[in-house]
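Engineer: Just dropping this structure here.
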Amino acid sequence: PPAKPPAMSQHWLATGRASPRLVLVVVFVALLLDNILLTVVVPIVPTFLYATEYEGANSSVSPALPEPAPAAPRAPPFSSVLSYFDNTTVPVRGFTSAEDLLNGTGSSPPGHPSSSPPGHPPSSPQTPPRGCLEGGEFLAQENTRVGLLFASKALVQLLVNPCVGLLTNRIGYHIPMFLGFTIMFFSTVMFAFSGTYTLLFIARALQGVGSSFSSVAGLGLLASVYPDDSERGSAMGIALGGLALGVLIGAPFGSVMYEFVGKASPFLVLAFLALLDGALQLCILQPSRIAPESTKATPVSTLLRDPYILVAAGALCFSNMGVAMLEPTLPIWMLQTMCSPQWQLGMAFLPASISYLIGTNLFGILANRMGRWLCSMVGMAVVGISLLCVPLASSIYGLIGPNAGLGFAIGMVDSSMMPIMGYLVDLRHTSAYGTVYAIADVAFCMGFAIGPSTGGAIVRALGFPWLMVIVGVLNVAYAPLCWLLRSPPATEERMAILSQECPMQPKSYTPKEALPEFPLTEESDGEAENGE
């Protein structure tokens, strides 16, 4: 009897390692944690920086400011960190000088709006409504800084991805997956104890390295354990559901924990969950085992010259750029125009996350039937229309419709494009997936790198509504290109068709011995299964 439990556990591990479903669970959990950490900082960083830097600067000018007045007429709806926002109204442009505070011109009683800045009429929109954060100039500058902080993760991931793609082709997917978990754990702990912008920036960049290992190795591993195209599409949909669930939980979880427990609390919970993920990986994936790809991978340069892969990568990039631009700019826009309390900043992203979760799971299966090209084309058009509707909202309830539409549409694009990437490699190159999913992740990261970094600058120059118009129009304009993915040719003879449809002149590819040729018909819509 005492010998049975170890034997049973060994048998369970052996069957687990052979099961694609348990591999799917590991990848699901890794993407889930990565994306909770990705979005948990969205509502925390703007108000944390405001509380530490803007309020710190004001408190050094006026020592009376930091402590809230004990006889405040009403309890404001902010956390203890933000509890004095209601009690003193400072002119919006720049910091209040010591002279203004002494003369009484820099503040007014909580019940009355402060006098307008010189040169503005009393009804000027520059004067914040009651309950809004003061320091409009600081908030405007913060758009750029928060955007750069959020973009640092994607920029680092962009640089590391190609290296990870090559590494997975040489040593397999298991070790890079475990490396990703290790780096993610250290990044999470660093976020918990970082008190300055610089440390937060480093923690975010470190997360980019870990995320690169986890996502490229995870998606490549899934593609290799699900060789059948329709099964792979469903598995990718479930894995992307983990990504969606992470985005879904992250922002609301972060805003509620930050308001009611403290800044470090959400990160410490995530660090504990990351340890559980590491234990799961040790059991299932055997990260000490080196298992290189059985087939020689197509070089990255060849894949990047394939116009079909570029079209699919572009769709991933532009559709995700919309939500990437919203992350740093929407909370600050809400603070300026809606006077939103802290907990609402994260809740604004809830409709997008729920609908993304539904979209990825629904279209993981449906896209294969209706045509993945059609699914992604409709998705990109809906992304554009949803973004155009965001600035029309006057309260958090007005954001529900546009954000839900945005999340659902991005779910359509992601769940169509991720399997298409694996399918294109099967069809036109060799069945080694590390490199092509590195390209897919690079496209995803370009959206999340260009989005926040340029979004903050565009908001400062043109305003938030114009930012939404620019990205929305860009998505609608790109959507028709997805038609090119309707029936990608597999043979050298069909390459001539592409040169008429697309101005890019790809190099001709030699047919690969490892794969049979696919004479695609119109009915197949490019979704013929891999003939292995």
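The backbone N, Cα and C atoms fix where each Cβ goes, and this holds for glycine too.
From TrEMBL, for reference:
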TRANSMEM  21-45  transmembrane segment
DOMAIN    23-490  domain 'Major facilitator superfamily (MFS) profile'
REGION    101-135  region 'Disordered'
COMPBIAS  110-128  compositional bias 'Pro residues'
TRANSMEM  179-203  transmembrane segment
TRANSMEM  209-226  transmembrane segment
TRANSMEM  238-258  transmembrane segment
TRANSMEM  264-285  transmembrane segment
TRANSMEM  306-326  transmembrane segment
TRANSMEM  346-366  transmembrane segment
TRANSMEM  378-400  transmembrane segment
TRANSMEM  406-425  transmembrane segment
TRANSMEM  432-451  transmembrane segment
TRANSMEM  463-485  transmembrane segment
REGION    507-532  region 'Disordered'
COMPBIAS  520-532  compositional bias 'Acidic residues'
Engineer: Under 8 Å between C-beta atoms and at least six residues away from its ends: which parts of the chain pack against the transmembrane segment (463-485)?
Structural biologist: 307-308, 311-312, 314-315, 318-319, 321-322, 325, 329-330, 333, 372-374, 376-378, 380-381, 383-388, 390-391, 420, 451, 455, 498, 501-502, 526
Engineer: Is it true that the transmembrane segment (346-366) and the transmembrane segment (179-203) have 3 or more CB pairs under 8 Å, sequence gap of 6 or more?
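Structural biologist: Answer no, regions not in contact.
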Engineer: Would you say the transmembrane segment (306-326) and the transmembrane segment (238-258) are in contact under the rule of three or more C-beta pairs closer than 8 Å, pairs 6 or more apart in sequence?
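Structural biologist: No, these stretches are not in contact.
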Engineer: Using a cut-off of under 8 Å between C-beta atoms, tell me which stretch among 21-45, 209-226, 306-326, 378-400, 432-451 contacts the transmembrane segment (179-203) the most.
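Structural biologist: The stretch with the most contacts is 209-226.
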Engineer: Might you confirm whether the transmembrane segment (378-400) is in contact with the transmembrane segment (306-326), defined here as three or more C-beta pairs under 8 A between residues 6 or more apart in sequence?
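Structural biologist: Counting Cβ pairs under 8 Å (6 or more apart in sequence), the transmembrane segment (306-326) reaches the transmembrane segment (378-400), since there are 3 or more.
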Engineer: Okay, the transmembrane segment (432-451) and the transmembrane segment (21-45): do they have at least three CB pairs under 8 Å, pairs separated by 6 or more?
Structural biologist: no
Engineer: Same chain only, please: residues at least 6 beyond the ends of the transmembrane segment (264-285) with a C-beta under 8 Å from a C-beta of the stretch. Say none if there are none.
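Structural biologist: For the transmembrane segment (264-285), the list is 13, 16-17, 22-23, 25-26, 29-30, 33, 36-37, 40, 44, 173-174, 177-178, 181-182, 184-185, 188-189, 191-193, 253-254, 257-258.
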Engineer: Quick one: average pLDDT across the domain 'Major facilitator superfamily (MFS) profile' (23-490), no decimals.
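Structural biologist: Mean pLDDT across the domain 'Major facilitator superfamily (MFS) profile' (23-490) comes out at 77.
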